[in-house]
Amino acid sequence: MAAFAEPHFSAWTQTVVSNVTVVDKVPPEMLHMVDAHWYQFPPMNPLWHSILGFAIFVLGVVSIIGNGCVIYIFTNTKALRTPSNLLVVNLAFSDFLMMFTMAPPMVINCWHETWVFGPFACELYAMLGSLFGCASIWTMTMIAFDRYNVIVKGLAGKPMTNNGALLRILGIWAFSLLWTLAPLFGWNRYVPEGNMTACGTDYLSQDFTSRSYILIYSGFVYYLPLFSIIYSYIYIIQAVSAHEKNMREQAKKMNVASLRSQEAQNTSTEMKLAKVALVTISLWFMAWTPYLVINYTGIFKAAPISPLATIWGSLFAKANAVYNPIVYGISHPKYRAALYQKFPSLSCQDNSDDGQSVASAATGVSEEKPAA
């Protein structure tokens with residue numbers, strides 16, 4: 001009798017376990033937004049929710065403090081209030097809002113192991129994440145174009161003015177808002193992601209409307225900025241390399257060690273600044289590429305997507321908001337000096353200060369030109 005009962009009990013246990021899914025804790029009012037794909041997966045290990053919640057909390061604190069410092073220093077230091085640095089402030093502002101709006105809800109959801117704020121908050125959360133991500137990448141694209149204008153065109157280029165910078169910033173936010181409002185009006189939609197603690201675009205629906213949005217949006221917010229930045233930096237590197245080569249040849253002809261004039265020093269500094277911007281942009285693409293891969297995997301059904309896989313897309317994307325203040329804090333002499341003066345305990349200042357602004361797109365060149 002005991003031998004007969006044991007397998008019967010095991011079969012009943014397997015049936016009960018198999019009916020427990022990752023969707024079970026989702027509030028009833030959210031179920032219409034959850035794709036049927038996720039019903040096949042068992043609940044995630046609570047440890048993963050704890051790890052994700054802790055990671056997002058740390059990233060949120062670092063991002064809010066770091067970007068807050070960047071905004072405060074750049075707006076309260078006269079030497080840093082240049083037209084080009086308005087783009088840097090806009091970048092920090094976008095990153096600040098990204099984690100200010102993304103981190104607290106996600107930490108709370110990780111605690112509850114599901115989305116607890118309702119359908120509208122889910123759509124708003126996803127829209128804001130997409131909005132700030134789009135604004136960040138296009139702001140960095142504008143910074144790359146500004147670098148191109150100063151380094152490649154030099155004195156022949158038209159310097160950026162305050163009005164020009166503000167117009168670019170306005171265009172960035174209008175463009176970003178246009179794309180991220182579209183899912184709220186029927187072109188794709190915002191839904192809970194597989195881990196059920198965050199929301200994003202619907203990449204599992206196979207209808208033309210949903211798939212077309214992902215493809216076109218990625219073209220304008222991922223590939224176009226990527227190729228524009230690559231184009232800019234190819235010419236930047238070529239221009240600086242040619243200039244350095246000419247300087248070495250002239251020095252050799254004159255039998256001197258160096259012909260480093262102030263202009264040459266400025267160009268050398270500009271190259272360093274271009275490298276900083278390139279690192280920042282590279283980190284952005286490293287952050288958002290996993291999310292793009294997840295979206296493409298979904299719309300093309302290239303591979304099965306598990307709830308655990310969606311964690312990494314969320315984590316990498318939100319980590320982007322932490323990179324920029326760290327990069328600028330380490331490499332920006334004037335920023336370090338101002339930070340040391342206002343917040344000595346947060347200073348990363350060293351003894352060398354070349355007096356140049358890393359983020360300024362007109363360092364040493366456009367500062368000599370009038371700005372509106």
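Using N, Cα and C of the backbone, Cβ positions are placed for all residues, glycine too.
Taken from TrEMBL, the feature transmembrane segment applies to 47-74, 86-104, 124-145, 165-187, 214-237, 276-294. TrEMBL lists 66-328 with the feature domain 'G-protein coupled receptors family 1 profile'. Among the features that TrEMBL reports, compositional bias 'Polar residues' is placed at 349-360. Residues annotated as region 'Disordered' in TrEMBL: 349-372.
A Cβ distance under 8 Å defines the sequence-distant neighbours of the transmembrane segment (165-187), meaning residues of its chain 6+ beyond its ends; these are 83-84, 86-87, 90, 123, 126-128, 130-131, 134-135, 138-139, 142, 201-202, 209, 212-213, 217, 220-221. Nonlocal intrachain contacts for the transmembrane segment (214-237), taken as residues 6+ away from its ends with a CB within less than 8 angstroms of a stretch CB, comprise 133-134, 137-138, 140-141, 144-145, 147-148, 151-152, 179, 182, 188, 201, 203, 271, 274, 278, 281, 285, 288, 292, 295-296, 299. Across the residues of the domain 'G-protein coupled receptors family 1 profile' (66-328), the predicted structure has a mean pLDDT of 86.
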